[in-house]
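The structure under discussion appears below in the form of structure tokens.
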Amino acid sequence: MATLKFLSFLIFQLFLIANNCEGVEVGFYKKTCPNVEAIVKETTKHFISIAPTLAAPLLRMHFHDCFVRGCDGSVLLNSTKGNKAEKDAIPNQSLRGFQVIDAAKSALEKECPGIVSCSDVLALAARDAVSLINGPTWSVPLGRRDGRVSILSEASKNLPTPFDNFTTLKTTFGALGLNVKDLVVLSGGHTIGMSHCFSFSSRLYNFTGKGDMDPNMDQNYINHLKIKCKPADGTTIVEMDPGSFKSFDTDYYTMVSKRRGLFASDAALLTDTQTKHYVLSQLNQHGSTFFKDFGESMVKMGQIGVLTGNAGEIRKHCAFRN
Ligand code: HEM
């Protein structure tokens, strides 16, 4: 009898361990919510067909989620009385598209209540957003659970800044298990979307604090940007990939190679042999491996610090812990 008890205890413990070590997997909701992917896709499509510029912030939101506490939906949580959340950190103040995640989640709660995490909804919406604007698609491993913690200062500390140099970027990405190739590939996300002038205007007006310009930016481009962005401009936004900011393509690498990347962090990709080689190798649209590479690096990024098994929770509403 004692042996039997011990054995069932052992099996139970093994079950717990297995459950906690579980990774994410494609088709995780096959039995529990078979329509999850169709529902998220339909919702994302609905919003993006009305406002195509929403694709970019959805992709960025997933990136900002994963880089702070892992892909646990912590970027979606609202502040509470005593605690400012990641959402309130400066780089997250320009995120948009929370309504897309909320709409998909509420459709899912009707179909299969309490099953699909907000972090999974975000990973799927980011993928769908990219593919809906002519970008690649990829299979998203699912089964993330939602975190209960979201802290403003962690977002300020852990997100890369547009002023970072190559060494800093390499360290930030490396600490999360992403290599130099992932860095140059994922930076290609800047082929879509908009940026505020303040994210790069120091390159135009006051690069080293002496009223100078960044010598690593094309002078003609600086002149062009100065017309749009006046010093200390806090509101104007510009296209990051002028002409095709609503279409996911390889133009980002063309811009960077011409020293027309908007941020110092984009220009930094020309300062390392490996990333420079990647940038230059993507210039021929037909020979480009960017789409395939992007899917692979997104899957990798989407697995940073995921909560699985019994960890975390499945939020009922993405902006609030249960
Ligand atoms: C390598 C480090 C990175 C830095 C320093 C960086 C920085 C920034 C900054 C400063 C902006 C403009 C924000 C604003 O002024 O409104 C931006 C926009 C954007 N970033 Fe990044 N980013 C990085 C990597 C990534 C990655 C990995 C992705 C996705 C895979 C991404 C996707 C985007 C998108 C799509 C936008 C446009 C958002 C919009 O239109 O609202 N970025 N990024």
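Including glycine, each Cβ sits where the backbone N, Cα and C put it.
Please treat TrEMBL annotations as automatic predictions, because they have not gone through curation.
Database features, via TrEMBL:
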DOMAIN    23-322  domain 'Plant heme peroxidase family profile'
DISULFID  CYS33-CYS112  disulfide bond
ACT_SITE  HIS64  active site, proton acceptor
BINDING   ASP65, VAL68, GLY70, ASP72, SER74, GLU86  Ca(2+) 1 binding site
DISULFID  CYS66-CYS71  disulfide bond
DISULFID  CYS118-CYS318  disulfide bond
BINDING   PRO160  substrate binding site
BINDING   HIS190  heme b binding site
BINDING   THR191, ASP241, ASP249  Ca(2+) 2 binding site
DISULFID  CYS197-CYS229  disulfide bond
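Annotated features taken from TrEMBL, shown on the structure.
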residue: HIS64; record: active site, proton acceptor; Cβ neighbours (10 Å): 22
residue: CYS66; record: disulfide bond; Cβ neighbours (10 Å): 28
residue: VAL68; record: Ca(2+) 1 binding site; Cβ neighbours (10 Å): 28
residue: CYS71; record: disulfide bond; Cβ neighbours (10 Å): 29
residue: SER74; record: Ca(2+) 1 binding site; Cβ neighbours (10 Å): 28
residue: PRO160; record: substrate binding site; Cβ neighbours (10 Å): 18
residue: HIS190; record: heme b binding site; Cβ neighbours (10 Å): 25
residue: THR191; record: Ca(2+) 2 binding site; Cβ neighbours (10 Å): 25
residue: ASP241; record: Ca(2+) 2 binding site; Cβ neighbours (10 Å): 25
residue: CYS318; record: disulfide bond; Cβ neighbours (10 Å): 22
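Fewest other C-beta atoms within 10 Å: among the disulfide-bonded residues CYS112, CYS229, that description fits CYS112. Of all Cβ atoms in the protein chains displayed, 28 besides its own lie within 10 Å of the Cβ of ASP72 (Ca(2+) 1 binding site). All protein chains shown were included, and the count of other CB atoms within 10 Å of the CB of ASP65 (Ca(2+) 1 binding site) stands at 31.
Screening the recorded positions HIS64, VAL68, GLY70, CYS112, CYS118, PRO160 for a C-beta under 6 A from any atom of ligand 1 leaves PRO160. The separation of CYS118 (disulfide bond) from the residue listed as 'heme b binding site', Cα to Cα, is 24 Å. Excluding THR191, ASP241, ASP249, which define the Ca(2+) 2 site, the same chain contributes GLY188, HIS190, ILE192, SER244, PHE245, SER247, PHE248, THR250, ASP251, TYR252, MET255 within 8 Å (Cβ to the Cβ centroid), listed in sequence order.
Across the structure, VAL68 (Ca(2+) 1 binding site) and PRO160 (substrate binding site) place their CA atoms 11 angstrom apart. Across the structure, CYS112 (disulfide bond) and HIS64 (active site, proton acceptor) are spaced 27 Å apart at their Cα atoms. Within the set of disulfide-bonded residues (CYS33, CYS118, CYS197), the lowest number of other Cβ atoms found within 10 Å of a Cβ is recorded at CYS33. There are 19 other Cβ atoms within 10 Å of the Cβ belonging to ASP249 (Ca(2+) 2 binding site).
In the predicted structure, the domain 'Plant heme peroxidase family profile' (23-322) carries a mean pLDDT of 97.
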